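Colleague: Pulled the feature table from Swiss-Prot, pasting it below:
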{"type": "DOMAIN", "residues": "4-83", "note": "domain 'GST N-terminal'"}
{"type": "BINDING", "residues": "S14, M15, V40, K41, K54, I55, E67, S68", "note": "glutathione binding site"}
{"type": "DOMAIN", "residues": "89-210", "note": "domain 'GST C-terminal'"}
Amino acid sequence: MANDQVILLDYWPSMFGMRTKMALAEKGVKYEYKETDPWVKTPLLIEMNPIHKKIPVLIHNGKPICESLIQLEYIDEVWSDASPILPSDPYQKSRARFWAEFIDKKFYDPSWKVWATMGEEHAAVKKELLEHFKTLETELGDKPYYGGEVFGYLDIALMGYYSWFKAMEKFGEFSIETEFPILTTWTKRCLERESVVKALADSDRIIEYVYVLRKKFGAA
């Protein structure tokens with residue numbers, strides 16, 4: 001694997017790309033990072049992801065792997081000699097996949113709509129977002145990590161969103177630390193890992209980016 005060529009097409013605010021960077025760091029994989037603005041469909045992005053034309057795209061020896069959750073599994077299988085990401089137990093693995101899908105299918109929409117909407121729609125979105133935060137906190141329970149004692153797949157899946165938490169709080173007018181103390185303790189534990197810290201974007205910079213997006217989409 002020492003001679004492998006690994007390239008990551010990503011955009012700095014992408015929570016999905018942050019996941020992939022965490023996984024690569026956990027495995028100690030060296031890679032070339034190529035900043036790729038998703039609003040500008042570069043020839044390389046179109047070539048590597050012709051169906052969706054979205055980032056992140058992981059390119060391993062010229063072969064593209066799309067979708068962040070798929071990338072996590074790919075990274076875990078290819079670089080299997082260090083820091084397992086997915087549980088080995090089939091049942092626990094299925095649960096991790098279930099909850100990761102919950103994050104992207106249920107949590108994702110209100111996580112950005114909370115800063116992109118106003119009025120009654122905003123109130124409904126905020127309510128939905130808080131319910132999903134509570135669901136995720138309940139699933140965590142008293143475990144150090146979502147997979148138990150070991151940092152892994154589901155932790156990476158949710159921590160990818162961490163850089164956006166502050167924007168969610170600001171525009172949603174709520175406090176994660178106050179309303180979800182167990183989840184807050186978990187985030188602090190995850191932030192002790194170098195792989196996580198180095199993968200995350202600056203939260204204040206994300207807020208500045210949100211203002212740009214609000215203006216772009218007429219939500220300012």
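Cβ atoms here come from the backbone N, Cα and C positions, even for glycine.
Keep in mind that this is a model prediction, so the values were computed, not measured.
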Colleague: So which of the binding-site residues is most packed in, judged by how many other Cβ atoms lie within 10 Å of its Cβ, out of K41, K54?
Modeller: K54
Colleague: Across all the protein chains here, work out how many other Cβ atoms are within 10 Å of the Cβ of S14 (glutathione binding site).
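Modeller: Step by step: centre on the Cβ of S14 (glutathione binding site), count other Cβ atoms within 10 Å, giving 20.
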Colleague: Between the two most separated Cα atoms in S14, M15, V40, K41, K54, I55, E67, S68, the residues recorded as binding glutathione, what distance in Å do you get?
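Modeller: The glutathione-binding residues span at most 20 Å between Cα atoms.
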Colleague: Return the single residue from the binding-site residues list (M15, V40, I55) that has the minimum number of other CB atoms within 10 Å.
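Modeller: With the binding-site residues M15, V40, I55, fewest surrounding Cβ atoms within 10 Å: V40.
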Colleague: Compile a sequence-ordered list of residues in the same chain as E67 (glutathione binding site), six or more apart from it, whose Cβ lies below 8 A from its Cβ; state 'none' when nothing qualifies.
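Modeller: Expected: F16.
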Colleague: Summarise the model confidence on the domain 'GST N-terminal' (4-83) as a single mean pLDDT, whole number.
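Modeller: Here the mean pLDDT over the domain 'GST N-terminal' (4-83) amounts to 97.
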Colleague: What residues, ordered by sequence, lie under 8 A Cβ-to-Cβ from S68 (glutathione binding site) and sit at least six positions away in the same chain?
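Modeller: Residues satisfying the criterion: F16, G17, R19, T20, P56, G160.
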